[in-house]
Structures are given as C-alpha cells and as structure tokens.
Amino acid sequence: MAKPEFHIFICAQNRPAGHPRGSCGAKGAEGVYNAFAQVLIQKNLTNRIALTTTGCLGPCQAGANVLIYPGAVMYSWVEPADAAIIVEQHLLGGEPYADKLTPAEIW
C-alpha cells in the first residue's frame, strides 16, 4: 500500500469487567472496525485509506473512539452505523461528522 491519504485508528482496548474506566472493546469496537472495513471495501478505498486497531486513545468513558489522521480528528460514542457517514462526509467530503466529534472537555 502506498502512503494512505487518511489513517483511521479504532480503539480496541479491553479491560476487565468492572474496571472504572471501561473500555472501547466492551463498547462495540469490533463491530465499529468491521463496519469501517466493509465501507472501505464497498467503496474501493482500501488502497487510499488505512484502517488499524489500536490501544487506548484516552476518553474511555466515550467509547468506542475513532481517531483519524491527518488532522487528529477524534470521534466518540461511535457505532457501526456511523462508519459510512464518517467515510462519506469526512474522508470523501472534507467535513467532519459533527454529531460524533469528541467534545474538547474530554480530549
């Protein structure tokens, strides 16, 4: 793969049940990753946009979290249905998806 135009990082951190910070893994990160992967495949974008799981991105209380570079744009409370919107609106359209942007007070 050549240098990607965008890189999507999906937090997939897991912690034990009852951990005070929770985890994106327990908040559906696997489904979010799979949804992004399917959108990239369907739109033939896998050669332009990299998709990677990562450890903790910080705002665990707001998971599942997604971080996109360039621009360091963080999305929180992301659900699988948001993947298509984020790809279409942000990555292809150039406008971040305001409904899921991580609030400044937590990141």
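Placed from the backbone N, Cα and C atoms, the Cβ positions cover glycine too.
The Cβ of C60 ([2Fe-2S] cluster binding site) has 21 neighbouring Cβ atoms from other residues within 10 Å, across all protein chains displayed. Marked as [2Fe-2S] cluster binding site by Swiss-Prot: C11, C24, C56, C60.
Compute the center of the Cβ atoms of C11, C24, C56, C60, which mark the site for [2Fe-2S] cluster; besides them, the chain residues with Cβ within 8 Å of that center are A12, Q13, S23, G25, A29, G55, L57, G58, P59, G63, A64, N65.
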